[in-house]
């Protein structure tokens, strides 16, 4: 990034401009005022410093002579009509006065003099005290003039104006700084909001980069990240596609020969068979079903443990769900002459937040297990129950229990799937198995 | 005669299924791929479709068929058992049977579909009743009297009849007939079934036509 495009450079520019502008405008104003206002209209003689110097100078040239001093006063009066003057002689007596408005003591002591000086110092009227003559022994002359008749000093006259200009420039600087930072803030908020927008694929969308400064760089980096995310998502989808295809092909390639086997067995079954022949065909058909189920479970288990099994939970009315599942399993239990004992009306349970396909798989595996391994009991009971903390689905069979070696093995993987799925659905399950049967409880915390 | 259009590229399986179907009295047209399927669609009563086919796959063919012939039932027959495949298949097809399958199962499913889509036109005898699927006239063969049902009884019986031999849950029947959500423990359906049995059954106390499946629902047994 170029330095001159950065926000830092911009802000430095604002500060430097403000500083230089401040100096420059003050200087310019002062010069302008000085050159125009002062020189033209002001008489130098009305400057306090000029008066002071002149009074001192002329007083030092005087002598202790009433007439001369009177003339001196008259000359000054001519030039400064609003002024008043008086002379205190060497004895401390008020010797001469001109247009004095206030009462001045006639006899001056050291105290009177000190009080007078103290009173007049830096106040109105403007007062100048000077000794008569060079010896400082012949008394002193005092010149008074109201301050409003005098010229003001330059800073006295224009100080407020200059201060005002300074304040305006300062306020301007603060306002520009404020606008500058607000524009940054606005852009940051915009970037934040843009980052929160999601595309149809649930990934963030790219931001339109307008400027090449720090925020622009941030946006560029963000866009790069979005790009990488999209790529990675695409890769994941491709892998997913490949995996699905592989499984589909594998499933197809394994099941086609099984189907052929089934086809040939069926043809064989249509021929005249001995009792042994029929039994062999039956065993082979059962084996086909068993291999089929195992393949299904194996694929599911692989997917489940790799967290690749599709999971989309929703609210499910469990009673209705159980009834539908049982409706599809009932004929199979009926065929095997099971007593099917269903009690779903006794208590009411709420909706469960589960993936119906997972739940279906759990129930299918459990019912399949009962059909395969608890055939001897000829009983399946399904009921629902509630406790203060749980809603429970209870499945009971009267088989010989899980420990007993069933004629058909392979229950392991089916139950492993049930276990992984139940935990995945945030449910709990308990399995109690004795020689007189097995009870499975699927529990949901209320 | 019911005409089945069967599309399967695996010759051994195709031959066997065709023979099994012909033996059950169906007319079968067996194609090795989806090519030229259009010619047979107007004549077919049901389509049995394999998924993995050379050229266009079964899903695509099935969707095309369903687009043109909504009332033609399609049964997918596939060695692909993944949940995603079943979901995709059932998105348009009316049933999905996975390989390997028993011929009895396939035929049972075909029968269910034919019944559901009203493709069987011969008069059906159900115990002492004769039912004409076209105008749904029910006659008691013993008394030779026609049995007249009320609107709701008729709707329930028709629904059960179309899904004969299938167990239907209380929710399914209620929601299909009344077209509103079933509320648990509602007795309306039970009462209607009782009246229906009084008209249809020889001994309504021990029904043999409409069976109660305790805890689940009902089944019409053929």
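Each residue, glycine too, has its Cβ placed from N, Cα and C.
The following features are taken from TrEMBL:
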- A:182-234: domain 'HAMP' (DOMAIN)
- A:249-446: domain 'Histidine kinase' (DOMAIN)
- A:12-34: transmembrane segment (TRANSMEM)
- A:161-181: transmembrane segment (TRANSMEM)
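For the transmembrane segment (A:12-34), the residues of the chain that approach it from at least six positions outside its boundaries are 154, 158, 161-162, 165-166, 169-170, 172-173, 176-177, 180, judged by C-beta separation under 8 angstroms. Residue counts for the domain 'HAMP' (A:182-234) by DSSP state, with H, G and I taken as helix and E and B as strand, are 36 helix, 2 strand, 15 coil. Beyond the ends of the transmembrane segment (A:161-181), by six or more residues, the same chain brings 10-11, 14, 18, 21-22, 25-26, 29-30, 33, 155 to within a C-beta distance below 8 angstroms of the stretch.
On the 0 to 100 pLDDT scale, the domain 'HAMP' (A:182-234) averages 89 in the predicted structure.
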